[in-house]
Amino acid sequence: MGIQGLLPQLKPIQNPVSLRRYEGEVLAIDGYAWLHRAACSCAYELAMGKPTDKYLQFFIKRFSLLKTFKVEPYLVFDGDAIPVKKSTESKRRDKRKENKAIAERLWACGEKKNAMDYFQKCVDITPEMAKCIICYCKLNGIRYIVAPFEADSQMVYLEQKNIVQGIISEDSDLLVFGCRRLITKLNDYGECLEICRDNFIKLPKKFPLGSLTNEEIITMVCLSGCDYTNGIPKVGLITAMKLVRRFNTIERIILSIQREGKLMIPDTYINEYEAAVLAFQFQRVFCPIRKKIVSLNEIPLYLKDTESKRKRLYACIGFVIHRETQKKQIVHFDDDIDHHLHLKIAQGDLNPYDFHQPLANREHKLQLASKSNIEFGKTNTTNSEAKVKPIESFFQKMTKLDHNPKVANNIHSLRQAEDKLTMAIKRRKLSNANVVQETLKDTRSKFFNKPSMTVVENFKEKGDSIQDFKEDTNSQSLEEPVSESQLSTQIPSSFITTNLEDDDNLSEEVSEVVSDIEEDRKNSEGKTIGNEIYNTDDDGDGDTSEDYSETAESRVPTSSTTSFPGSSQRSISGCTKVLQKFRYSSSFSGVNANRQPLFPRHVNQKSRGMVYVNQNRDDDCDDNDGKNQITQRPSLRKSLIGARSQRIVIDMKSVDERKSFNSSPILHEESKKRDIETTKSSQARPAVRSISLLSQFVYKGK
């Protein structure tokens with residue numbers, strides 16, 4: 001699209017400007033250039049024929065940008081393809097089909113990212129998409145026009161007539177058509193590049209475009225290649241510039257190339273060149289002022305002298321609609337052109353490719369196609385009058401059965417049997433209303449062993465009224481025992497069900513055990529020895545490991561019989577001595593002031609073994625000779641007995657003597673003798689079972 005390499009050569013005269021420079025002016029906009037740019041955001045939807053409005057949103061955003069800078073847009077859309085550009089259009093069409101096939105294949109394989117690149121290359125901008133933008137322009141009062149052929153020549157014509165003051169486009173062909181001010185590279189911030197034709201003289205000597213005439217510029221472009229001709233192979237803009245400046249005309253340039261023999265000139269190049277020159281200079285456009293088809297520039301008379309020249313000229317600049325034939329063809333005279341139809345095409349009412357069809361909005365067309373997929377068939381014209389069916393014919397009717405005596409007799413007998421059955425049911429329900437109804441309900445479950453029977457009696461048998469029935473039931477509830485099934489099955493949490501029978505004997509045994517524990521505790525307190533080991537409870541109870549089993553047995557809850565009101569035979573066994581463990585000691589029963597309760601041990605609290613060390617210091621080391629200093633240290637491991645602990649008293653005198661044996665060998669021997677004497681004098685006592693790490697200490701007797 002455009003002339004390859006032309007804009008980079010014009011970089012020295014590209015002026016970065018803002019749209020504020022064109023405040024209050026009208027700028028022509030290449031609509032298809034914006035559509036190509038907007039199609040990148042919805043390439044998949046456009047290629048697959050799905051509805052989308054993303055390209056319309058692009059235009060709306062650009063219109064708001066121009067409105068911000070107080071610039072009035074004038075949209076120009078492409079029309080029908082010009083005959084000179086048919087070869088280029090066919091190549092582009094084939095390329096789009098190839099890219100679409102590649103995109104669909106990649107999309108099916110899961111390569112969606114690569115497929116999107118090919119979808120963007122295969123998008124075809126259609127007049128239906130332009131119609132969507134035209135509808136928006138009509139609603140918002142934005143000026144637009146559909147060119148009969150190329151939008152480039154149409155925009156240049158608007159600029160020549162001073163209808164617009166500049167052209168916004170990405171196509172460099174506009175400079176060849178004669179554009180005076182081209183605005184390119186417009187971004188979302190209103191920043192763009194301006195190229196003015198008046199600045200061509202400022203270009204460097206390497207590319208002196210300002211020294212060439214308009215015809216020579218067209219020749220240079222045709223040599224390097226453009227949309228209308230492929231040019232000569234291996235000839236670029238700089239080479240073409242040199243050839244034009246040296247030989248001026250195309251005939252002399254071709255002769256020089258043929259003479260040198262370095263370049264190959266295609267056979268069709270001369271015809272392509274002549275058609276391109278005519279299309280660049282005299283292409284047909286639509287004049288919005290006169291509302292008729294005109295040429296871009298005035299056609300000179302020498303091009304219309306002969307019939308062959310006229311044919312050649314009008315075939316290159318575009319076919320128009322003939323007034324009489326209503327077909328697009330070569331028309332020599334302006335009076336034979338149907339300007340009214342071209343006006344409708346310019347307004348966007350008719351399709352530029354097929355002016356017999358109205359131009360439809362793409363999105364509306366797809367929405368209608370998706371909502372109604374009805375195939376209309378041709379009506380049958382053979383019948384003169386169509387049969388009109390009444391509305392009842394569309395509903396299903398019930399057909400009447402023919403009278404058959406056998407079927408009638410069978411139906412009559414069935415009805416009689418049904419009537420007899422219903423009458424029997426009614427009699428059974430209504431008769432014997434005052435008879436006692438007994439319903440047996442088996443209430444056997446996993447909680448009860450005996451099945452029970454509930455009797456349902458009629459109210460009238462027990463009394464004449466409901467009040468009499470209430471009085472009878474209240475009196476019976478006090479006299480008659482309640483059945484076992486009607487008793488409450490919930491037992492209070494304070495009662496613990498047991499199967500013990502001899503409650504009195506058990507309570508006596510518990511009291512005896514408790515009194516024995518109290519006596520053992522007193523005896524253990526009276527026989528306290530400073531250097532012995534004895535087991536005590538955390539609360540001060542001096543029971544042994546053998547007594548622990550007895551106390552455990554004493555904690556077994558006792559049972560007693562309790563009866564609920566209204567139950568005569570039902571008895572619930574429970575523990576009436578739950579608080580037996582909180583009773584006072586029997587040894588202090590005579591004295592009320594000195595009675596001490598036996599505190600129970602908490603279930604979740606576990607005591608740790610404590611070590612009490614009795615250390616006798618030497619006379620030389622401390623003034624407090626003979627005084628006992630007791631230190632308390634927690635043991636490292638717990639006792640095997642659940643909530644019990646051990647108290648260990650150790651004579652540390654031997655330990656202190658062992659520490660000083662390293663001072664001299666004499667003291668070492670004395671300490672050994674002293675240890676031997678102490679071990680002989682001490683009496684061995686078996687230690688209580690313990691897993692404490694302090695069990696390695698030697699226990700000493702008195």
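Keep in mind that glycine also has a Cβ here, set from the backbone N, Cα and C atoms.
Listed features, source Swiss-Prot:
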type: REGION; residues: 1-96; note: region 'N-domain'
type: BINDING; residues: Asp30, Asp78, Glu150, Asp152; note: Mg(2+) 1 binding site
type: MOD_RES; residues: Ser372; note: phosphoserine
type: COMPBIAS; residues: 474-498; note: compositional bias 'Polar residues'
type: COMPBIAS; residues: 500-518; note: compositional bias 'Acidic residues'
type: COMPBIAS; residues: 535-550; note: compositional bias 'Acidic residues'
type: COMPBIAS; residues: 558-571; note: compositional bias 'Low complexity'
type: COMPBIAS; residues: 667-678; note: compositional bias 'Basic and acidic residues'
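Each of Tyr32, Val76, Ala147, Ala151, Ser153, Gln154, Met155, Ser169, Asp171 belongs to the same chain as Asp30, Asp78, Glu150, Asp152, is absent from that list, and has a C-beta within 8 angstroms of the C-beta centroid marking the Mg(2+) 1 site. Taking a C-beta cut-off of under 8 angstroms and a sequence separation of 6 or more, Asp30 (Mg(2+) 1 binding site) has the following same-chain neighbours: Val76, Ala151, Asp152, Met155, Ile167, Ile168, Ser169, Glu170, Asp171. Comparing the binding-site residues Asp78, Glu150, Asp152 on other C-beta atoms within 10 angstroms of each C-beta gives the minimum for Asp78.
Asp30 (Mg(2+) 1 binding site) falls within a strand segment according to DSSP. Across the region 'N-domain' (1-96), DSSP helix (H, G, I), strand (E, B) and coil residues number 57 helix, 15 strand, 24 coil. When pLDDT values are averaged over the region 'N-domain' (1-96), the model yields 92.
Asp152 (Mg(2+) 1 binding site) falls within a helix when secondary structure is assigned with DSSP.
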